[in-house]
Amino acid sequence: MLVLGIESSCDETGVALYDTERGLLAHQLHTQMAMHAEYGGVVPELASRDHIRRLVPLTQGCLEEAGAGYTDIDAVAFTQGPGLGGALLAGSSYANALAFALGKPVIPVHHLEGHLLSPLLADEKPEFPFVALLVSGGHSQFMAVRGVGDYTLLGESVDDAAGEAFDKTAKLLGLPYPGGAKLSQLAKLGSPDAFSFPRPMLHSDDLQMSFSGLKTAVLTAVQKVRAENDGEIPEQTRNDICRAFQDAVVDVLVAKAHKALLDTGFRTLVVAGGVGANWKLRETLGRLKIQPPYAKGRAKPPAEAVKVYFPPMEYCTDNGAMIAFAGAMRLQQAQPSGGFNVKPRWPLTDIVKQPSQ
Ligand code: KG4
Ligand code: ZN
């Protein structure tokens, strides 16, 4: 079965072809980053119009890359939500029109399910069950994943998502949009000891997270630095702040990942979403071992190994491949097709079980 996947929830148009027998055959992406950069953020109307312009050429590019034609497509999957209403509608209209013309089913996909399953696109795939850490611009969540469609929410950010905190902090450091990736690059040049920021909810005995206070701590530090330097942030100081901010976020994510693995008893961790591209997070989780708890005075039990999977870099941020793949998985489960409407605020709870279930 050949599934065409369409992603248009925000500022990236992604199109891909996934074959259930042969795997990913082609994927193409157009990022609108440069277009939105001059406004300092995504302009929804411009995003929608650009998606409309890109969808046909990207689909043709994918078909050429895969050596396939329109009539070879067995189903069209598209991101139904969550995301920007107009941007989603561009993808939905295109997917539905194409599927209707071809007489093939259309499969609505939850954007986060796409991210959640994206590590399965790698050559070395994780096996179920696993803990998924979903860290994107809009979400920071831990999920127990027992199979396709079998997700339990374990905990999430109570305020800003990790990616959002990266972007907002980057903005207050004067970095151009989109700042998260840039901040992480500069962090490489910063000293880990120059600043120290709080690790919010690090010791809360659950898997909830909070990142907005951390951003405020950075703001306070930046105001102090500016006051001492004629309104400027010296280059090295900015790099140091980037480093300290990144280290604080990574510490929280790693500690919570450790707890999620302990709580579930799973020994596989999968990281998905844009923040999964972060070098420090990759480095630290790559060394993660599980230390079982032990009573004071007792011998320390040996640490247990964990398998940690990251999606290939190109599938970490928004892309069509993860939508084509999630659609193909849903198709194999014979999910009924249909759905022209979009769901800009589609809660993930619609597709996950609550811990008590
Ligand atoms: O998953 P994604 O492409 O889009 C959604 O939000 O769905 O994630 C984008 C987020 C942005 O907030 C961006 O700042 C963050 O991922 N991001 C990073 C890095 N690259 C992208 N955050 C930290 N370090 C990075 N290297
Ligand atoms: Zn995303």
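Using the three backbone atoms N, Cα and C, a Cβ is placed for every residue, glycine included.
As the structure is a computational prediction, the values presented were derived from the model and not from experiment.
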For the substrate site that TrEMBL lists with LEU134, VAL135, SER136, GLY137, GLY138, ASP167, ASN278, give the additional residue from the candidates GLY114, GLY180, GLY190, GLY297.
GLY180
Per TrEMBL, what member of ASP263, ASP318 joins HIS111, HIS115 in binding Fe cation at one site?
ASP318
Just checking the binding-site residues LEU134, VAL135, SER136, GLY138, ASP167, ASN278: which sit within 10 A of ASP318 (Fe cation binding site), CA to CA?
SER136
So among the binding-site residues ASP167, ASP318, who's got the most Cβ atoms within 10 Å?
ASP318
Coarse DSSP state, helix versus strand versus coil, of LEU134 (substrate binding site)
strand
Binding-site residues ASP167, GLY180, ASN278 vs HIS115 (Fe cation binding site), shortest C-alpha separation belongs to ASN278
Which whole-number mean pLDDT does the model give the domain 'Gcp-like' (24-325)?
94
Fill in the CA-CA distance, GLY138 (substrate binding site) to HIS111 (Fe cation binding site), as an integer in Å.
11
Enumerate same-chain residues with a sequence separation of six or more from VAL135 (substrate binding site) and a Cβ-Cβ distance below 8 A; give 'none' if the list is empty.
ALA161, ALA162, GLY163, LEU253, VAL271, ALA272, GLY273, GLY274, VAL275, GLY276, LEU281
